[in-house]
């Protein structure tokens, strides 16, 4: 039996007869209806067709009359007279609209080659660009075959005498083309074909007895003889790239495929081959069973019998026959418009339309030829989704037949396209767990598994007790080889009790939390867990100590404390964790680890003291906690010696200066634990002198009250007043302490004598002897001060009189300048010179160099400027009413701000004018500000204002000095709120 008969036969093509067109609508050639109103005649070609070809959207025919016919897709047949006698060969280029033909214009053996440009016209016919004789020499011979390279640079013509001519150059022009004999032989040439591989061009030459190849892109045209078997005319073809552009030679016994340098595979297709053609990956062969020698092809074409001829379409890749049909007397087979067209001697054209891929696959599915369907889909370049569908159907078929191993292999090929749950459900039976395992393994290797798939696979391993497969699955060499969710695998292994495998995964894939969970919760290996944390990088070590620190502290407190000390100072992972690399030291926030020591005060104290010693800039929380811990220990300690030691430690910590910013917190801690020394120290550091005073007052510590006033009275003078009030309220004898307080009040002039008397009046035990010395000394100092003030006033008045006299003399008398030296350079005065009324004289150049103004004396200018600045300042203050009102509002007594304002205003007025007199209401009291005012204001009678007018507490008009004084107002004293509320007239009368 022939080898091809062993190949399966299919009907992958639809056979139709091409009909004549109903109209010029450009429709594709189609079969004619059998009957009906739409029926039309079958297309019939002109008689005498001798040669055919196709390309550029048309079927091309040549006949015995010398005409060339074109049948386009519209089936409108056109033609033109190309030769006078006959057309013997045609070659239509596929990439250019160029047609090469061989024919005869006269009787005899004189074939002509004509090159036609189908895009250009010459009198309605295609333009013939070149005509030249086909015979290379003078000996007549018949042309047997023709081929043209698609780049238009090569054309080869084969002859019956065994010779081959090669036209090299532009074949469309005479002057750019060169013709030479490439091959000479004894056997007729039956086929030619060009093959382009990169920059190398090969020419296959086949005769009735051999096959050869030439390299025509070089100079010497090297030849390689490929085989000693030939073929008949039209029994050779060049395959497409799917078969690597192999040259196909169809002999009577076999069909051979050739590379340019060797013979390829062969196929035993029996029968006498008439036509060989290549179409879209298929080999089309027309043959008849009656064996005829190939040489008969050249004897008489009419002698061919009209035996039935078989057309077979072979799929060489998939090893099946795509179509097989019987025809009568086939002229040629052409390929155009995506279909095959078979021309028969009766002029009919049969169209073979290939079925679509899905139809062909369905035909294969019906016959359960899934392997063949898969191969066909791949050769047809079906997409991955289509292939997956085939694999699924094939798997379903094998599964239904009970071939579970084969089925799972097909299902594996659907991974990535088919939902895994579809397959998994089929193999959930315990008897098919091996197949399920194989599928899940492949799913993980392709990194398409989710957490559920990983769980299922690990459960399969554990059910099978296959530790080797389990270790192989989890023990990958690198992170890139992991094809599963590591966290899910750890969970499953932990649940199944495979702790060692789970620990391996957790450690190798840096799942530190899971590793520590297993060690601490399942294995209870606290030492190993702590060791593992110690080799982690800083960030992981810190986070895991915060998470598991309490558990570790409960079971291994000393080792845990030691690790925390290192973590919070200069953490370095253990050598096992960092290898040979030097890791820069890091430190964690020690305050965040304090809660870990909740039930371990001894370790907490050691940790806190270590941090305060090694790291002085530790967070404030460290020192706060350490203080609280020391105070607790001090409060609960019974041993006096130990208690004293703890007391010293607490005081030392308070004095370390770490509680300046958290003063309140430290104070609360000391008060909570009744640590009085610490409270007093913090009061003093916080300058809460009032609190210190109240503390000693509550404990009736009189000496300490006076001591506090002595230490801090300079900073807060009111302490002495409070001390005096405190002692005044005491009924027991406190004369010693009252005397000490009064002495200081007198030295610093802190209180008016009247206020002192009023304060001591509350004490029923105090006698006049307590303040007698104080009052006497106070009055003596007042008298001395008054005498000094009167002396200063007389001196100021004399100076004022002298200055006024000088001013009057300057206005009324001439000024004689007798200075002989310059007041700047101290040299002899020379003209030109500058003189001032003040008595200073200058060289003009010295004056211009040093003076700042032409009107001011450079020598007197600094002193004058001081006076003027003081005047301007006082003028500005005189207009600042809002500021004055504010000072009055916040003052307990109005005398201080008022005295300041009046003093400034009077000083400015006295300096500015001669006749103006102060006419301001003077409010006097015994306050220090009033005393200052008394020393600054003068009356025209020469007495101080307070002496000229009586100091009274009622609005009665005074009588003293009334005859020679010009009083400008009333003199009185009163509280500030009375003035602010508008009761001035009711208190002191009219201004």
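Any Cβ shown, glycine's included, is placed from N, Cα and C.
The structure displayed is predicted, hence computed values, not measured ones.
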For the record in TrEMBL, which of the ranges 779-813, 814-848, 849-883 is the coiled coil one?
779-813
Kindly state the mean pLDDT of the coiled coil (779-813) in the predicted structure.
86
Could you give the number of helix, strand and coil residues in the domain 'RING-type' (822-860) as assigned by DSSP?
7 helix, 7 strand, 25 coil
Remote residues contacting the domain 'RING-type' (822-860) - C-beta distance under 8 A, at least 6 residues beyond either end:
810, 815
